[in-house]
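Visitor: Starting off with a structure, shown below.
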Amino acid sequence: MAVGHYTIKDFEKMNTVTPSEAEDGTKTTQAPETSRRHLYFTVIIVNCIYFLSGESMTWTSPVLPVLTTPGTGPILLSHREASILVRISATGQVFGPILSGLLISNIGRKRTIIVMIFLFIAQCSLLFITLDAVYLYAGKFLGGMAVGMSVTSLPIYVAEISDDSVRGMLNASPLVFRSVGYLAMYAVGPFVSYFTFSIFCLVAPILVMLLFLWVPESPYYLIATGRKEKAVSHLSWLRGCSERQAQAEADKIEISVERSLKNPISIQSFFASRANLRALFLGMCLVFFRQMCGITVVLYIMETLFINANVPLSSSASTIVVGVVMVIAAVTAPPLIKKAGYKRPLIASALGMFLSLGLFGLHFYFQARDIVIKSPLYIFLPLLSLMVYIVFFSIGFANNAYALVGEMFSPNVKAVGTAATNCFGFICALLALFLYYSVYEAVGMFASFWLFSILCLMAAWFVWLFVPETKGLSLDDIQEILSRPWVSKTVD
């Protein structure tokens, strides 16, 4: 599965085995002792694109109430049109990784990311000049594509410009920036007009584009395309060192690139291994359950959910509270769960979401049956439920599902496996939105969230029964476990 003249192994940069790590686990690059000021500057700009992704994903939350209420927005959407608007964004996300894969090795990492930022700008422009629903649909589809591209191209770029000693820290920040993007939409959207909000959304990608023009191209891509001199110059700038020092790192990168080009991965060799098939099955099941916990629904239409829940706190204030909890959880959860491995936090995450979504659905069930409970605690149940839900999502499925996928695939097939898993994850997000609206219209909102709650319980059962704990295991140990005959209970 080659992309242009450079193989799909590019996607390995997204995962736990870094571009400077050979298949036997030995290091092939080592950055000189230098100032990392330019590197941090570049990565902060890249992380601002995750902020744009967060904005794009949650734009519908404050806007849908405006567009579905007569006299409050530029156009009036029916319930059906509003549901299409939400789903079309997720549809665009499915095509994002495909577009990124086509571009990233043909026009380079930097130009691919520029295309992505341009899609964000195009999205906001179409949303600003909205004349009818078609403009909204086109804008959100383009924004969805940009979000999908960010999942593949940004981790590759960050991994390729970073050195070993700081790569892990730099790769830990996207969730925080994305969560801040969520919060920005929740905090600004309800309090300004539609057009003011559209301008606010448009300014951010334009500023990011202007800043990103200053960042360098990936040294890996430059060397792969025969521009080693330029790669040395860019490495020197990123590391804050002399070109002589950068030359040594460039030589090692060249060896790594040559190794990748000499060992392309075929689909046939991928499916010939039991370990690969099992890793693919487990990975796809994990991302399936990650989406079927309802996170996409909650993020996309949170304010509408609070409006329907009739909580004493305003819907906009409730959404902001959950957004703040999300940012705090994004900052604090990863360090807290690092020592616990992957499996136990995933089980705890699924069980916590099972309980919180069950209670959230219970509120809507009582509401649908006109059952009145005057307890002070009960009237805040929807808000408390979603706060707990976000916390439990953050401690497990927010990061661990994809991290575990990265650890289960061996280095030589990691690219194919993770690319397939990412695309499948976006398809599952679209499926989750379809299920939500279908069940909501057929039975009621309570049934949609009870369905997600049951799927969370199934996720806990699946992880406990089938998913191995990979913490502290070498790549060989993990592959040995995955190569065993299938059993109903994995060895922790």
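Placed from the backbone N, Cα and C atoms, the Cβ positions cover glycine too.
Nobody curates TrEMBL annotations by hand; they come from automatic prediction.
Just so it is clear, the model here is predicted, and its values are computed rather than measured.
Okay, these came from TrEMBL:
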type     : residues : note
TRANSMEM : 39-64    : transmembrane segment
DOMAIN   : 42-471   : domain 'Major facilitator superfamily (MFS) profile'
TRANSMEM : 84-105   : transmembrane segment
TRANSMEM : 112-131  : transmembrane segment
TRANSMEM : 137-158  : transmembrane segment
TRANSMEM : 194-215  : transmembrane segment
TRANSMEM : 279-301  : transmembrane segment
TRANSMEM : 313-333  : transmembrane segment
TRANSMEM : 345-366  : transmembrane segment
TRANSMEM : 378-398  : transmembrane segment
TRANSMEM : 419-439  : transmembrane segment
TRANSMEM : 445-467  : transmembrane segment
Visitor: Give the nonlocal contacts of the transmembrane segment (112-131) in its own chain as ranges (CB under 8 Å, at least six residues past its ends).
Guide: 46, 49, 52, 56, 59, 74-75, 99-100, 103-104, 138-140, 142-143, 145-146, 149-150, 153-154, 157, 195, 198-199, 201-202, 205-206, 208-209, 212-213
Visitor: If we call contact 3 or more Cβ pairs under 8 Å (sequence gap 6 or more), are the transmembrane segment (445-467) and the transmembrane segment (345-366) touching?
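Guide: Stretch pair touches.
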Visitor: Does the transmembrane segment (313-333) make contact with the transmembrane segment (378-398) through 3 or more Cβ pairs under 8 Å, each pair 6 or more apart in sequence?
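Guide: Taking Cβ pairs at least 6 residues apart, the transmembrane segment (378-398) and the transmembrane segment (313-333) are in contact, with 3 or more under 8 Å.
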Visitor: Sequence-remote contacts (6 or more beyond its ends) of the transmembrane segment (137-158), Cβ cut-off under 8 Å?
Guide: 10-11, 13-15, 43, 46, 49-50, 52-53, 56-57, 59-60, 84-85, 88-97, 99-101, 103-104, 109-110, 112-113, 115-117, 119-120, 122-127, 130, 167, 170-171, 174, 218, 419, 422, 426
